[in-house]
């Protein structure tokens with residue numbers, strides 16, 4: 001059972017659901033964090049932090065910040081629409097739904113009741129080649145707003161965040177019904193008129209949007225005539241968790257918002273480390289970013305009120321890092337509670353920072369550890385146990401500490417180096433160029449053994465004649 005497997009969909013069905021849910025979630029933000037994401041990747045959180053923050057606000061020639069109308073910025077709104085359409089989804093208009101509530105020029109729907117008017121949601125459809133509606137996607141936006149009204153909308157959403165934690169009983173549970181009760185009825189009617197059932201609906205969202213996903217799941221049995229009781233619910237970075245198994249709650253262990261509430265209850269741990277496992281949550285996925293890696297940043301306590309920790313919360317980091325888990329060759333071996341370290345370092349930090357399990361601000365990690373590299377040139381270090389390491393693309397350097405690791409190299413993986421390889425390790429080559437006979441690929445070069453697959457290679461540093469066991473190499 002894979003780490004993101006959902007209900008009885010099986011692995012491939014669950015992967016498709018995850019990809020759809022992520023595409024819808026990212027679209028709901030309209031690329032709002034594009035400037036920060038690009039600035040962070042180029043400049044990091046160290047000496048380049050000022051440039052990262054400038055990029056977040058003003059963008060650059062290759063990104064759009066949160067301030068609209070900067071002439072040298074690309075149109076990230078257009079890019080967001082193109083991305084969700086490429087994933088197979090198209091926004092459904094208010095007129096098609098017969099809905100008379102507030103909607104903006106982009107087709108985003110706004111909350112209906114007083115106190116919820118800054119909530120936002122997207123409604124999308126997936127169609128076959130003949131134009132027949134196959135599925136409906138509902139994407140709740142997290143705390144933020146369109147660039148033009150970002151400050152006022154964010155303040156309204158922050159009030160909702162506080163009320164969910166500290167306000168009236170069941171505020172979080174009832175949130176989706178209060179904010180979008182009328183719209184969701186129209187969507188249910190529209191779906192039914194096109195021959196769809198709740199099973200054909202994907203509900204997704206991030207942060208406050210993830211809270212809305214859990215809320216809608218909680219309400220689904222008795223609201224909207226029960227239409228959504230069998231819908232598919234995937235929430236990212238939600239502070240709350242719905243009771244039961246309707247929702248798959250996905251998040252980074254070091255995201256201060258994810259699981260901040262116990263169910264929907266606030267307690268003292270909500271303000272600090274909150275790593276309690278829940279039935280519906282992924283509990284041990286780490287975003288190995290500049291903040292997590294830095295001893296200096298971690299002098300300050302881990303807390304939802306410590307703003308630097310929020311780098312682990314941004315939607316772009318979810319889209320990139322979580323998708324690499326989904327596409328990993330180790331996916332089938334990962335369970336809901338596996339320890340998974342995802343490389344999300346900036347370019348400056350990646351050059352001299354070893355990606356590894358620091359087990360920071362969390363309960364002790366147990367069992368095998370999976371480390372997933374990026375498309376850049378990563379430095380990856382295994383621990384003392386049995387690790388599963390996939391460097392990804394780029395020219396990676398991998399340090400082996402235990403001698404009981406499995407290294408996976410897939411497709412065009414670059415020119416990698418393994419330091420400390422031992423015969424008890426396992427090398428797995430998947431979808432690589434050439435034959436499946438190790439003798440066609442292995443050659444001793446000086447004091448090293450080099451395995452070459454077309455333009456890609458792995459150098460086993462310090463491993464000469466007799467140091468490589470054929471039993472420990474799989475080529476497929």
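Glycine too: its Cβ is placed from the backbone N, Cα and C atoms.
Marked as active site, charge relay system by Swiss-Prot: 207. According to DSSP, residue 207 (active site, charge relay system) is assigned to coil rather than to any helix or strand. Within its own chain, residue 207 (active site, charge relay system) has 142, 143, 236, 237, 238, 239, 257, 313, 315 as residues 6 or more apart in sequence whose C-beta sits under 8 angstroms from its own.
The feature Ca(2+) binding site is assigned by Swiss-Prot to 437, 440, 448, with similarity to another entry given as support. A helical conformation is recorded for residue 440 (Ca(2+) binding site) in the three-state DSSP classification.
Sequence annotations record features per position, and here Swiss-Prot assigns repeat 'Hemolysin-type calcium-binding 1' to 372-389. For the repeat 'Hemolysin-type calcium-binding 1' (372-389), same-chain residues at least 6 beyond its ends with a Cβ under 8 Å from one of its own Cβ atoms are 321, 324-325, 328, 330, 333, 340-345, 347, 350-357, 395-402, 404-408, 414.
For 1-23, the entry in Swiss-Prot reads signal peptide. Within the chain carrying the signal peptide (1-23), a Cβ under 8 angstroms from the stretch's Cβ atoms is held by residues 83-84, 87-89, 126, 135, 137, 202, 204, 232, 234, 236, 245, 248, 250, 282, 285, 318-319, 322-323, 325-326, 331-332, 334-336, 338, 340, all 6 or more beyond its ends.
There are 17 other CB atoms within 10 A of the CB of residue 448 (Ca(2+) binding site), with all protein chains counted.
Secondary structure by DSSP for the repeat 'Hemolysin-type calcium-binding 1' (372-389): 0 helix, 7 strand, 11 coil.
The binding-site residues listed here are 437, 440; among them, 440 has the most other Cβ atoms within 10 Å of its own Cβ.
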